[in-house]
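What Swiss-Prot records for this protein:
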BINDING   Leu14, Ala15, Gly16, Lys27, Asp77, Asp107  GTP binding site
BINDING   Asp107  Mg(2+) binding site
Amino acid sequence: MPAPASPSIAGLLLAGGRATRMDGVDKGLQLLDGTPLALHVLRRLAPQVDETLISANRHADRYAELGAPFDARIIADETPDFPGPLAGLLAGMRAARAPLVACSPCDTPYLPVDLVARLRAALDAQQAAIAMAVTVDAQQVRSPQPTFALLRTSLADDLAARLAAGDRKVRAWYARHKTVEVEFRDERAFYNANSWQELAALARR
């Protein structure tokens, strides 16, 4: 029997943040229409990738339950003190069996179902290291969405070095590498919940 094919893209759900603007609750476990936000995202992200990872620094057992239908693996930051999404990215890069990692926050229930395919096409066409989503509104205003990205896992050592140096800004680290921006016209697809008010607004959209 031939060996199973190696996965080409890992999906990484970023659920390891503090959620300071939501009283420190675990955002991915908050309910939208009776379903945890993280599960909404997993249902959209997992079909687009070959393996699924969940970056969670709290409630690992609960995330394991949510991720079980997708054979998701639960990972935690290598660095302490909740240093931000870059730490989750690093953990995902280290854990991935695939050479590419597609990431998404855990609180974006309307994630585009063609996100990964479009990021991959741009990454390959431009021979880039990173492909990042950018929304464009009706007034042609561009808004980068740095936590919706496709990255080469070969960048892990550089990212680890920058984190060790105290860098925490996602876009500043992206700027060190060839990054291609991929336009998305549906702003709704990237709506998230950074506050209780925004979570309530998601339910009305």
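Just so you know, glycine gets a Cβ as well, placed from its N, Cα and C.
Annotated features taken from Swiss-Prot, shown on the structure.
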residue	record	Cβ neighbours (10 Å)
Leu14	GTP binding site	27
Ala15	GTP binding site	31
Lys27	GTP binding site	22
Asp77	GTP binding site	20
Asp107	GTP binding site	25
| said: With DSSP assignments reduced to helix, strand and coil, which class does Lys27 (GTP binding site) get? | reply: helix
| Structural state of Leu14 (GTP binding site), classified by DSSP into three states | strand
